[in-house]
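The block underneath contains the structure these notes are about, expressed in structure tokens.
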Amino acid sequence: MATDKQTPPQQQESGSESISSVLSEKRKFPPPTEFSNAAHISSMEDYEKLYAEAAKDPEAYWAGIAEQFHWEKPWEKVLDWQPPYAKWFPGATTNICYNAVDRHVNSWRKNKAAVIWEGEEGDQRVLTYAELHRQVSKFANVLKIAGVKPGDRVAIYMGMVPELVIAVLACARVGAVHNVIFAGFAAHAITERVNDSKAKLIICADGTRRRGSTINLKNIVDEAIVNTPSVRSVIVLKVTGEEVNMHDGMDHWWHDLMGLAMDHNEPEFVDAEHPLFILYTSGSTGKPKGILHTTGGYMVHAANSFKYVFDIKDEDIYWCTADVGWITGHSYLVYGPLLNGATLMMYEGAPNYPQWDRFWDIINRHKITILYTAPTAIRAFIRAGDEWVTKHDLSSLRLLGTVGEPINPKAWMWYHTVVGQEKCPIVDTWWQTETGGILVSPLPGATPTKPGTATRPLPGIMVDVVRKDGEPCKSNEGGYLVIKKPWPSMLRTIYGDNKRYEETYWSEFKDMYFTGDGARKDEDGYIWIMGRVDDVVNVSGHRLGTSEVESALVAHEAVAEAAVVSRPDDLKGNALIAFVTLKDEYQGDMKLREDLRNHVSREIGPIAKPDEIRWAQGLPKTRSGKIMRRLLRELASSKEIKGDVTTLEDSGVLEQLREQEEED
Ligand code: PRX
């Protein structure tokens, strides 16, 4: 892919209120003074100073942070770097569960709420740090009774109930390697993951609730483990009371085992590089990759990034809406908050159940102060209408976060004005399953934000945007996002496949980690993610980020959601095909196709004008809400859909798009 033909960003006509394309975004929002005054890092000067210090001596910087945790044995050195293999804090031993739970039980926080949970039907539970400690210790004893030893892999397949957090922490406590499998995955995905990791034990629930009905998870596990020779037993938590088959010798009820277990459990202090978890990345490209994270370095960065990016205070009630089945749930629902002794909200259920105001109702009732969610959810809320939000009192909110995909400036502005009432900074956090924690993000008390950019790297993180030959790009030139120095929470390998690890992340550029994302760095050093590099297209010799065209499309009042892909074109190299979901009131408007093409042309430039616009009732998405552009690319090229579609959330969407193609 060429990287050297990037045109400079197009300038917008000044004064135009409809400006919303990433390429031309110029709005800047300094942190509110009141927020800055009380923040951990309260000015750009402080950030720059810290960044420069960390860049000068990264090892000293990370060691300074690591000292704030409990280590049973100190490290011999901070980093042992044999590219591309890193060992952080070698020689040290620790236990992340001890640091996330026991440390707080030994402090004034023992009676502080650790987890506030709400179920879809409105049922609620609160676990203090002391109660969490008791439950985790007991379940750690259960794991030991079940024969789980340090290093053994344990698969977890449950809905978003507190026991999911308990199971994760108990695995860490005994030194077992957890592999959480998102409860939306089907049997085949479980089999694949369990076999790849050779898990000995599966912890599951009988069922989970979703939009008023229940899903029988245990039946799915039964189907999955027909072909998983490594599994010796299954522990089943009763949540919904589904009828389940319990197989003698194999299946055990959680409550029976907990009834037998003692309260006291000594944590297993493990090597800093002891594996903590494997998390498989979405299978949208081939066989899922088992991303391996280890203990010490992950702990240090998950905790520290959480503290500064979310500016966490003891009074906060923090809510991350991600499922624990994804990395966001690992780092910023479980580990980051608990390592900081924070109070976290956890919700099991759909955002639109019973109605589209469920999130806002939760925020009002629980007085949530920090909300961390995804652009895909934000777009759905925009579509549902402002009235669902504005009828609730959201004055408790002080900070908003987003993660997972580029946020269109239009969605950012909506989040800022309608949800944040123009008083909450927004942290647009860029990171990946592989990075373990946030790498690029505003610090909310310091960084002036611009809609659509994750801004600057965190202290200790050296990122850059480079050309194909590894040379740094000029300001605003599109290129590849790389990480130039190892960081503590980096993946250590792809489980069982060092070769794939080396090839995927370390072969493109010498001694630099390749993120797979296209990006540009603007005149303020802010990073603008242009999407995965396979979503960056070359049209008539000009590179375009498809997300930028999407931003322009959704800036149009008729558009609810849009995805843009490319199709080979004889004349231009690539043609752009836009799949567009219209807001209800605009459905059937025949002249919109041309209006939208012209609109994009106006927003970015004629080069970005989609060659074709197709109407979509919905877009094909993975269960984590990512648009499956690969499928759209295949549809756009009128090719047969090949490869894996099992991660698709709603297969009806694909049918509708196929039919649409025939009608067109
Ligand atoms: O393309 C980037 C996008 O999501 C990818 C990582 O996906 P995953 O491993 O599933 O982790 C998602 C949660 C951390 C990245 O390579 N991405 C993530 N955050 C952002 C983003 N793109 C733009 N802006 C973000 N804030």
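Quick reminder: no glycine exception, Cβ is built from N, Cα and C everywhere.
According to TrEMBL, the features are:
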REGION    1-36  region 'Disordered'
COMPBIAS  10-23  compositional bias 'Low complexity'
DOMAIN    47-100  domain 'Acetyl-coenzyme A synthetase N-terminal'
DOMAIN    103-487  domain 'AMP-dependent synthetase/ligase'
BINDING   Arg210, Arg211, Gly212, Ser213, Thr328, Asn352, Ser540  CoA binding site
DOMAIN    548-626  domain 'AMP-binding enzyme C-terminal'
BINDING   Val554, His556, Val559  Mg(2+) binding site
MOD_RES   Lys626  N6-acetyllysine
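Location within the structure of each feature annotated in TrEMBL.
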residue : record              : Cβ neighbours (10 Å)
Arg210  : CoA binding site    : 16
Arg211  : CoA binding site    : 11
Gly212  : CoA binding site    : 11
Ser213  : CoA binding site    : 9
Thr328  : CoA binding site    : 25
Asn352  : CoA binding site    : 16
Val554  : Mg(2+) binding site : 23
His556  : Mg(2+) binding site : 21
Val559  : Mg(2+) binding site : 22
Lys626  : N6-acetyllysine     : 19
Which residue counts does DSSP give the domain 'AMP-binding enzyme C-terminal' (548-626) for helix, strand and coil?
25 helix, 27 strand, 27 coil
Nearest to Ser213 (CoA binding site) by Cα, among Val554, His556, Lys626 (recorded positions)?
Lys626
Taking only the recorded positions His556, Val559, Lys626, which one has a CA atom nearest to the CA atom of Thr328 (CoA binding site)?
Lys626
Report the residues of the chain - excluding Val554, His556, Val559 - with C-beta within 8 Å of the mean position of the site's C-beta atoms, for the recorded Mg(2+) site, in sequence order.
Lys410, Ala552, Leu553, Ala555, Glu557, Ala558, Ala560, Ala562, Val580, Leu596, His599
When the domain 'Acetyl-coenzyme A synthetase N-terminal' (47-100) is classified with DSSP, how many of its residues are helical, how many are strand and how many are coil?
24 helix, 11 strand, 19 coil
Tell me the coarse DSSP state (helix, strand, coil) of Ser213 (CoA binding site).
strand
Whole-number answer please: how many Å between the C-alpha atoms of Asn352 (CoA binding site) and His556 (Mg(2+) binding site)?
24
Sorting the binding-site residues Gly212, Ser213, Thr328, Val554, His556 by sequence and keeping only those with a Cβ under 6 Å from ligand 1 gives Thr328
For Asn352 (CoA binding site), what is the secondary structure by DSSP, using just helix, strand and coil?
coil
Between Gly212 (CoA binding site) and Val554 (Mg(2+) binding site), how many Å separate their Cα atoms?
31
